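Below is one structure, written out as structure tokens; the observations come after it.
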Amino acid sequence: MAMNNDDFSFSELCRLCSLKSNNQMQIFDKEGEQRQLLFKIRSCIPSVITKEDALPKNICQKCVYKLDMFYEFRVSCMTTETVLKNYSESLKHLAQSVNSQGVADR
Ligand SMILES: [Zn+2]
């Protein structure tokens, strides 16, 4: 971070990587809300961001991209877990019904 730079502006730094860039997204403006930036940050990162806190409220394009990827990965992992749990349950039920009926019944 270039703390002593003359054109240094703390509020223009990216909230997630602390770099300054020209094309940042605002977490709390309309586009940021449409892109669900705050929701994705809350889902993926254990830091709390509010409108009232003293830190920057922008995210650079690179971090928006990473956040989208990370969020997608998270959602896909959670979906996988649900699918696997359901599959595991159905295997258990299948094993139970086979055990209770007895394989010789068929
Ligand atoms: Zn960034």
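Glycine too: its Cβ is placed from the backbone N, Cα and C atoms.
TrEMBL annotations: computationally assigned, not manually curated.
Going by TrEMBL, these are the annotated features:
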type	residues	note
BINDING	Cys14, Cys17, Cys60, Cys63	Zn(2+) binding site
DOMAIN	12-87	domain 'ZAD'
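With a 10 A radius on its CB, Cys60 (Zn(2+) binding site) counts 21 other CB atoms from all the protein chains. Around the Cβ of Cys63 (Zn(2+) binding site), 22 further Cβ atoms fall within 10 Å across all displayed protein chains. In the predicted model, residues of the domain 'ZAD' (12-87) average a pLDDT of 96.
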